[in-house]
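Below is one structure; the comments refer to it alone.
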Amino acid sequence: MSLMLEPNPTQIKEERIYAEMGLTDEEFAMVEKILGRLPNYTETGLFSVMWSEHCSYKNSKPVLRKFPTTGERVLQGPGEGAGIVDIGDNQAVVFKMESHNHPSAIEPYQGAATGVGGIIRDVFSMGARPVALLNSLRFGELQSPRVKYLFEEVVAGIAGYGNCIGIPTVGGEVQFDPCYEGNPLVNAMCVGLINHEDIKKGQAHGAGNTVMYVGASTGRDGIHGATFASEELSESSEAKRPAVQVGDPFMEKLLIEACLELIQSDALVGIQDMGAAGLTSSSAEMASKAGMGIEMYLDDVPQRETGMTPYEMMLSESQERMLIVVKKGREQEIVDLFEKYGLAAVTMGKVTEDKMLRLFHKGEKVAEVPADALAEEAPIYHKPSKEAAYFAEFQAMKMETPKVENYKETLFALLQQPTIASKEWVYDQYDYQVRTSTVVTPGSDAAVVRVRGTEKGLAMTTDCNSRYIYLDPEMGGKIAVAEAARNIVCSGGEPLAITDCLNFGNPEKPEIFWQIEKSVDGMSEACRTLQTPVIGGNVSMYNERSGEAVYPTPTVGMVGLVHDLKHVTTQEFKQAGDLVYVIGETKAEFGGSELQKMIHGKIFGQSPSIDLDVELKRQKQVLEAIQAGLVQSAHDVAEGGLAVAISESAIGAKGLGATVKLDGEATAALFAESQSRFVITVKRENKEAFEKAVEAIQVGEVTSTNEVTIHNEENEVLLTANVDEMRKAWKGAIPCLLK
């Protein structure tokens with residue numbers, strides 16, 4: 001579309017063209033007031049994309065302010081490309097998680113691939129080398145052909161991008177529930193390492209300094225991607241394929257190396273990824289954060305399509321692009337550096353003092369807008385919140401234990417539920433050993449990556465049981481953070497901080513906004529108690545299809561520090577004769593459990609409860625015992641309860657089983673999902689020291705029989721299961737469903 005055809009300011013107002021771009025009548029009036037005139041077409045586009053929920057968090061900011069974001073190790077909290085946490089020895093870990101849900105629903109391969117590419121850029125734009133990727137995925141039930149297609153393509157897209165770029169995908173989670181059928185969730189997390197002096201910010205300081213565009217050229221892909229991410233999916237969403245970007249991992253690999261070399265140069269002033277809202281957000285945010293303005297000449301933007309308008313160039317979300325500010329007079333060095341990698345680096349503007357974002361094209365001024373108005377002055381909405389109607393009903397239910405006839409058959413059925421079953425089909429497609437720093441590969445409680453040149457490691461995980469959060473958002477929010485920390489501790493790490501990805505339905509519905517508020521309350525409380533501040537994250541709203549919202553899914557990405565790699569602990573049994581301990585009491589808690597869903601086909605009632613002080617005490621005891629060398633294996637008890645946790649520890653070992661005695665009512669003892677529990681094995685000679693250090697109950701021992709046998713307190717056998725048969729069922733479940 002050429003400039004001739006763009007509607008003029010009067011038409012934009014009278015024909016309400018701004019509404020098609022996502023601005024409300026009130027918002028358009030605010031823009032008019034800020035500018036003191038009617039905006040032109042390009043300016044309307046700038047505001048519509050920067051004031052979208054995706055870029056401005058206008059509906060979620062009041063809630064996000066509840067998160068604790070500071071701590072003695074936090075070097076950078078929310079507000080930059082990614083958060084940064086000190087890990088000692090002048091080193092720091094940089095990490096962030098983001099969603100790419102809407103694009104993945106309509107173009108799953110590219111949607112997932114570019115989600116990975118975008119989160120990697122957020123990390124290296126801080127000056128860090130990306131060392132690991134994780135992902136948290138949600139799909140409908142695998143019986144559906146459409147879900148199979150989405151699942152296969154999303155995994156292929158993640159693998160395709162991560163493997164080509166040479167960053168290991170080391171962990172994550174995949175869960176399946178009917179509510180995600182029309183709206184899958186694809187959350188990608190990247191972890192990087194940095195030395196303190198290399199930390200860079202996305203800020204445009206120094207009037208007269210040069211603004212440069214580096215990386216891939218700009219096309220028409222992804223225009224209004226941020227706006228598309230801020231509305232519900234519908235039948236017409238298929239037509240929005242152009243709003244899905246296309247990724248090139250080989251280009252990004254070169255971009256990483258070039259940018260990491262650039263960061264060592266004193267010519268660099270600021271650097272930011274062109275992510276959501278492309279050139280608009282990177283320029284407006286860099287100027288606003290520095291209290292400056294930016295002037296840009298759009299004729300100089302490298303374009304891969306002809307006749308692009310200023311509107312299209314500013315709103316394109318083409319991938320693999322960065323905006324940088326360099327010291328005046330040093331431009332040629334930058335051009336030479338990028339040329340070495342076969343990449344473009346083009347001067348396209350300068351930093352100004354007047355705090356305006358000013359755009360020129362073909363000799364004319366095409367936009368003049370205050371940078372702060374775009375980046376900081378979006379309206380903030382305090383949405384009405386109303387307790388969901390189902391909540392009181394679920395809370396009032398008397399908890400019933402599901403009826404189980406045959407414990408062994410039930411255990412086998414649980415091991416084959418896709419949410420519990422082995423995800424080997426997924427992670428076998430990922431290169432998780434590239435860079436050769438992966439110490440604990442996918443499949444244990446958390447992945448561990450070596451910090452090169454030290455004896456330290458980084459433990460990392462993503463967690464969120466959205467069924468619990470649906471039943472009780474506040475309790476479920478606490479559990480999500482606690483389970484992530486439990487996974488880090490079981491791997492020998494000290495939990496440091498979290499990044500979050502808040503996936504919810506339409507915030508304009510009061511019951512959805514209530515879910516958001518309550519789950520953030522629960523997460524915030526858990527973060528404070530467990531001392532894991534939130535250092536950044538992402539909000540993804542409008543995850544609905546035909547009015548049906550997904551379960552509230554605030555995914556937690558957590559990183560922990562393994563002080564010495566000899567503390568690294570995994571979930572599988574190590575040797576026959578070791579003693580098996582259970583930490584934590586089991587109650588008949590089945591609300592939102594795998595057993596409840598399997599037997600009743602739906603979830604209802606109260607979610608499991610959690611006491612965060614008890615959780616903290618147990619985590620500290622377990623971590624200290626691991627660091628003291630008293631623990632052989634550690635596994636958190638999660639979906640499927642104790643029977644599944646013990647079976648998983650046996651399945652991961654070779655030729656080992658266990659004989660265990662569990663007290664209490666059999667179904668609860670085996671399958672309840674009470675929180676703050678661990679299965680730990682200990683060498684016989686460490687029995688006394690371990691029991692002194694940790695409040696735990698010895699329930700049995702590891703055997704060389706290749707069988708798991710569980711007795712009740714009367715010593716009657718509840719079940720005996722062959723480990724090879726369990727492994728076959730557990731590993732075969734997902735491939736079998738995909739056939």
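Any Cβ shown, glycine's included, is placed from N, Cα and C.
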Candidates Asp25, Asp500, Asp521, Asp564, the one Swiss-Prot lists with Tyr57, Lys96, Gly537 as binding ATP:
Asp500
Determine the Cβ neighbour count for Asn538 (Mg(2+) 1 binding site): the number of other Cβ atoms within 10 Å of its Cβ.
24
Within 10 Å of Asp500 (ATP binding site) (Cα to Cα), which of the recorded positions Glu98, His100, Asn101, Arg121 do you find?
Glu98
Show which residues of the chain containing Asp273 (Mg(2+) 2 binding site), separated from it by at least 6 in sequence, have their CB under 8 Å from its CB.
Gly81, Gly118, Arg121, Asp122, Ser125, Gly202, Ser282, Arg321, Met322
Round to a whole number and give the Cα-to-Cα distance in Å for the pair Gln319 (substrate binding site) and Glu98 (Mg(2+) 1 binding site).
15
Recorded positions near His54 (active site) (Cα-Cα within 10 Å), from Lys96, Glu98, His100, Glu317, Gly537, Asn538:
Asn538
Counting only residues 6+ away in sequence within the same chain, which have a CB under 8 Å from the CB of Gly537 (ATP binding site)?
Pro78, Lys96, Met97, Ile498, Thr499, Asp500, Cys501, Leu502
By Cα-Cα distance, the member of recorded positions Tyr57, Ser99, His100, Asn101, Glu317 nearest Asn538 (Mg(2+) 1 binding site):
Ser99
Roughly how many Å separate the Cα of His100 (active site, proton acceptor) from that of Glu317 (substrate binding site), to the nearest whole number?
13
